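Engineer: One structure, pasted below without further comment.
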Amino acid sequence: MEHGAYGASLAGGTFDLESFVKKPQTILRFLSWIFSIVVFATITAEGYVNPMTEENTKCMFNGNDGACSYAVGIGVISFLACVLFLILDAYFPKLSNANERKYIVVADLVFSGVWTILWFICFCYLANQWGKTTAGTAAPDAARAAISFSFFSTATWGLLFYFAFGRYRQGVDDFTQDYRDPAVDHTAPYPPAQFGSGPTGYQQSPFSQGQTQPGEYQPPAY
């Protein structure tokens, strides 16, 4: 990873398109973007069939409209999120505020983790409903494509979560290394104050010599 705050170089540099395109996060986001299009476009175009005995169209996954709606919803949100995070990744090195970088990394971490789980649920849901579907009532190629690319999306979003977690850990480690406790910082510009020559800095009172010891009797002068 590059040296800097949260896995990016320090602010002020120019945008390098070639290095941005070659980043693993950029490649994974582009693949996730493509996979999401395949899932929701396939189901939208071919996912609803009209059986011979019914007038209304039904979802090709065992006639369960919830399965088609779930996959389309997850795919559309994934498509929009990939576009948004690609823009943020391109703008990320120009941010000079470490807190703003932290918010973006945390948002990427949380969203990638949640969408990894949701895509895995989508894969299991579609595969389960497809296994219960009667042969000849649906388009098998479209169904298999939606199931397969749901699984591929699970893998890409899982890798995005891994890279986001790495950026977050790097940002935390950089902060820990740069922080110094003033109480134990020996490079402070001000030396410790001196309070006398004794070990505790205590000086004897100038009036102590003329004072009597406690318990000694002094007769009054007449």
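Heads up, the Cβ atoms here are built off N, Cα and C, so glycines get one too.
Below are the features I grabbed from TrEMBL:
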COMPBIAS  200-215  compositional bias 'Polar residues'
DOMAIN    20-169  domain 'MARVEL'
REGION    195-222  region 'Disordered'
TRANSMEM  30-49  transmembrane segment
TRANSMEM  69-91  transmembrane segment
TRANSMEM  103-126  transmembrane segment
TRANSMEM  146-165  transmembrane segment
Engineer: Counting only residues 6+ away from its ends, which parts of the chain sit with a Cβ under 8 Å from the transmembrane segment (30-49)?
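Structural biologist: Same-chain contacts beyond the ends: 57-61, 68, 71-72, 74-76, 78-79, 82-83, 86, 122, 137-139, 142-143, 145-146, 149-150, 152-153, 156-157, 160.
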Engineer: Between 0 and 100, where does the mean pLDDT of the domain 'MARVEL' (20-169) sit?
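Structural biologist: So the average pLDDT across the domain 'MARVEL' (20-169) works out to 90.
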Engineer: For the domain 'MARVEL' (20-169), what are the DSSP-based totals of helix, strand and coil residues?
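Structural biologist: The composition, in the requested order, is 119 helix, 4 strand, 27 coil.
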